[in-house]
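Trainee: As annotated in TrEMBL:
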DOMAIN    5-309  domain 'Major facilitator superfamily associated'
TRANSMEM  20-39  transmembrane segment
TRANSMEM  45-64  transmembrane segment
TRANSMEM  85-103  transmembrane segment
TRANSMEM  109-127  transmembrane segment
TRANSMEM  158-180  transmembrane segment
TRANSMEM  192-208  transmembrane segment
TRANSMEM  220-239  transmembrane segment
TRANSMEM  245-267  transmembrane segment
TRANSMEM  279-301  transmembrane segment
TRANSMEM  307-323  transmembrane segment
Amino acid sequence: MARFLGSLLIAPRVSDPSRLIAALRVLALLTLLFALAFWAGSHVAWLLAIIIGFNLFFSPLVPLTDALANTWQKQITMDYGRVRLWGSIAFVIGSALTGKLVSLFDYRAILLMLSLGIASMLLGMLLKPSVMPQGESRQQQGAGMAAWLTLVRQSWRFLACVCLLQGAHAAYYGFSAIYWQQAGYSASAVGYLWSLGVVAEVVIFALSKKVFRRFSARDLLLLSAVCGLIRWGLMGWTTALPGLILAQILHCGTFTVCHLAAMRYIAARQGSEVIRLQAVYSAVAMGGSIAIMTVFAGFLYQHLHQGVFWVMALLTLPAMAIRPKAVAA
């Protein structure tokens, strides 16, 4: 809930794209302070307060950094995919390193990596970029509830589509490891399968500008939905290794292509609309929809077992139908 509220309430307060870097620095500093506070005690009430504060200030960093990337795409024709792939690479390296450190030491290795990671992020944000983001702050009539209602009315098809496509990952994120281990795969094999998905993600991010140069956001959403129909259907149909390998390679279609479509759709907006829509996308599609669908996926997995993946496959069908009809490429 704190992550949802942080993305939805704090991120849109940055009305001028030229103030994005300053806002990111402040949020990164607050996030670091809460990360360091984890070391101060282990009482339940203290940890609850720290977790809420940490997520409240960390969550806006995601939509605001993507909004910064979208702003720079217009100014210097930056290749978003080649920048974003480093986040995926860092995730793989960080996860592997943290796991190794925890096995050698204890849970404090997690806190150490968290603190060092956020401190490094803050130091990077303190560097002065060669090109500062530029933009115009929203006018008086662009603020308030009316602006939000207009945003939802104009972009409800986009938001509903990405919520369905990203929410369909809930069963995968929550239950694929359990399901595959019950099918006889070792924990290390499951880890390799998950890593394969990230590798496919990195490859598509690296090649996205060249491969999808002629694709509109609407086209990319259709491609992502088709990949989802195949991927979730495969996971519901078989646990044979070739099928799982193909399903994991399709992660580059279900997640990466969908995210690239969202960035392309949002980048077509102007000024503070980019930040506002980025915040809603991060809070609702990347957060809220997955959280809600995880609850339903848990119930479905208990009663349908692998059938939950067929339900996720069905979610791609309405997503195909409600794609935004006219989107700038």
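Cβ atoms here come from the backbone N, Cα and C positions, even for glycine.
Curation does not apply to TrEMBL; its annotations are automatic.
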Trainee: For the transmembrane segment (192-208), what are the same-chain contacts with Cβ under 8 Å, counting residues 6+ beyond its ends?
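Mentor: Sequence-remote neighbours of the transmembrane segment (192-208) are 79-82, 84-85, 88-89, 91-92, 177, 180, 185, 244-245, 248-253, 255-257, 260.
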Trainee: Looking only at the recorded stretches 45-64, 109-127, 220-239, 245-267, which one has the largest tally of CB-CB distances under 8 Å to the transmembrane segment (158-180)?
Mentor: 220-239
Trainee: For the domain 'Major facilitator superfamily associated' (5-309), what's the mean pLDDT in this predicted model?
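Mentor: Looking only at the domain 'Major facilitator superfamily associated' (5-309), pLDDT averages out to 90.
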Trainee: Count, for each of 45-64, 85-103, 109-127, 220-239, 245-267, the Cβ pairs lying under 8 Å from the transmembrane segment (279-301), and report the range with the highest count.
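Mentor: Answer, by Cβ pair count: 45-64.
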